[in-house]
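As structure tokens, the structure follows; a few thoughts come after it.
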Amino acid sequence: MGIMKNALRERIRRKDIYVVIMIGILIVMMCMSGAATLSINGVSVTEFQMVMPLVMNVISVLGGGIAIALSLRTIPNEYERKTSHLVWIRGVSQWKYHGQLALANIVSSVGALFILYAGVMIFAAVRGETGVLAKGVPAFLIFSVSTAAVSLFTSAVSLVLPSMAAGVLCAAFMLAGTMHPILETVSGIVSGVSRQLVRAILFIVPDLYAAESQAANLLSGKTVQIHSILGGLLVLYVCGLLLFVLRRKEA
Amino acid sequence: MNMLSCRNLKKIYQKQCVVNGLSFAVQEGEAFALLGSNGAGKTTTIKMILGLIPKDGGDVEKQENIRIGYSPETPYFHPFLNGREVLEFYGSLQNIPKKELKEQIPALLDRAGLEDSRTKVKNYSKGMLQRLALAQALLGDPKLLILDEPSAGLDALGRVEMMQTIRSLKEDGKTIIINSHILGDIERVCDRGIIIKKGNLLYEWEKGKENRSLEEIFVEKIGGM
């Protein structure tokens, strides 16, 4: 676990995490100050149970973006600055090396997500939503599956693609994954080549929204669909396999 | 007894042969030099020996289960670590027990001439990085040391100290492969070596075999192809 600990230490010393904390504080302040308001058909939505799923969606997209930013350069940096040489010669397998770096990416991405999520919990506490607070930890575990998958996918792709291409691909993966229901609606509206294209995206990109929406369901007391959570875990597993399969020829 | 032997090593980069059928053997306990101008294929050869890049042909045979220490040409460490932490990190990758590592690290830093282990690596001079590179190569007491330009970036005194350290390592029975441009240093420390140009073996040098200096031989061979 030395490689993972070292990569995490780099994160902490580079102070990336403080940027995330700032974003988290901003979210809480926006929610609590009423600066961000939502209205449906001209009626202002103030009910916590209605605002919360929407805030969770925003956090999930933000968390996905942060996961990509935190995971995109970790492995390529090791190879570019040649620190990989001194790891390879010590007989550390590529799977172990990349796996530990990817794990550090997941831990820091999920940690960043937790900071953002804590904003919602603080908001819930202020509103006196004790029922929500009680389910906070299990809901976060469900909520973090998609972010972990985005981070793992980014780590795997960054092994073989240049940073720019990997970043664009991962952003597309994350956005299409978290906006699956919207894309499904779009596929029903458009026709011809556009429809085929949207349907192809829906077929290729896993539904990340399905798993994370279960966290909001749990928090708001709705039925939790276990198969959606299992689907999220399956995506995580497939991304792990991708990391195992993709290799570097040179250190 | 051979510590390491390379047979017919070959490496092709973008259709250009950078190492072309190179063969040599390194005996146990000797200091062996890889000599040549820039782009001769020395670092590529070292990387193939270490398995950092795949070979396009040939074989590398090493003694079984030998531990190899490697000091790279341009040492780069995680900039947020200090010298001690760098050694702790690489020591942990070698599965050296923590207690043993705690004993080893001060001795290694001292041997490499790095008194200050608290400064962050990002504030190190090139010479300090070279010393730290040597210290990490010595972790776990390896039998074979591969030093790629160990005195690059060092001032005159630093170079002398580095060569003294390498000589003392040889006296301790370590087998050493050095890649260096500084022929005077090589002549003082090494027993044998090879001169290569564009990946081809030009000459096998042995200390005391000829009355000429290594520099004279080098100029003749490198200039003559």
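Keep in mind that glycine also has a Cβ here, set from the backbone N, Cα and C atoms.
Annotation comment: TrEMBL describes A:17-38 (among others) as transmembrane segment.
Residues 11, 16, 20, 23, 27, 31, 38, 102, 105-106, 108-109, 112-113, 116-117, 119-120, 123-124, 132, 143, 146-148, 150-152, 154-155, 158, 163, 166-167, 170-171, 174-175, 177-178, 208-209, 212-213, 215-216, 219-220 of the same chain lie 6 or more positions beyond the ends of the transmembrane segment (A:50-72) yet place their CB under 8 Å from a CB of it. Summarising the annotation, TrEMBL assigns transmembrane segment to A:50-72 (among others).
Non-local neighbours of the transmembrane segment (A:102-126) in the same chain are 3-5, 7-8, 11, 16-17, 20-21, 23-25, 27-28, 31-32, 48, 52, 55-56, 59, 62-63, 66-67, 70-71, 74-75, 132-133, 136, 140, 143-144, 147-148, 150-152, 154-156, 243; each lies 6+ residues outside the stretch with a CB under 8 Å from one of its CB atoms. Sequence annotations record features per position, and here TrEMBL assigns transmembrane segment to A:102-126 (among others).
Beyond the ends of the transmembrane segment (A:132-153), by six or more residues, the same chain brings 48, 52, 56, 60, 63-64, 67-68, 70-71, 102, 105-106, 109-110, 113-114, 117, 121, 124-125, 170, 173-174, 177-178, 206, 208-209, 211-212, 214-216, 218-220, 224, 229, 232-233, 235-236, 239-240, 242-243 to within a C-beta distance below 8 angstroms of the stretch. Sequence annotations record features per position, and here TrEMBL assigns transmembrane segment to A:132-153 (among others).
Under the heading transmembrane segment, TrEMBL lists A:160-183 (among others).
Proximity of distant same-chain residues to the transmembrane segment (A:226-246), defined by a Cβ-Cβ separation under 8 Å and at least 6 residues beyond the stretch ends, is recorded for 95, 98-99, 102, 142, 145-146, 148-149, 152-153, 155-157, 159-160, 206-208, 210-214. Feature annotation from TrEMBL assigns transmembrane segment to A:226-246 (among others).
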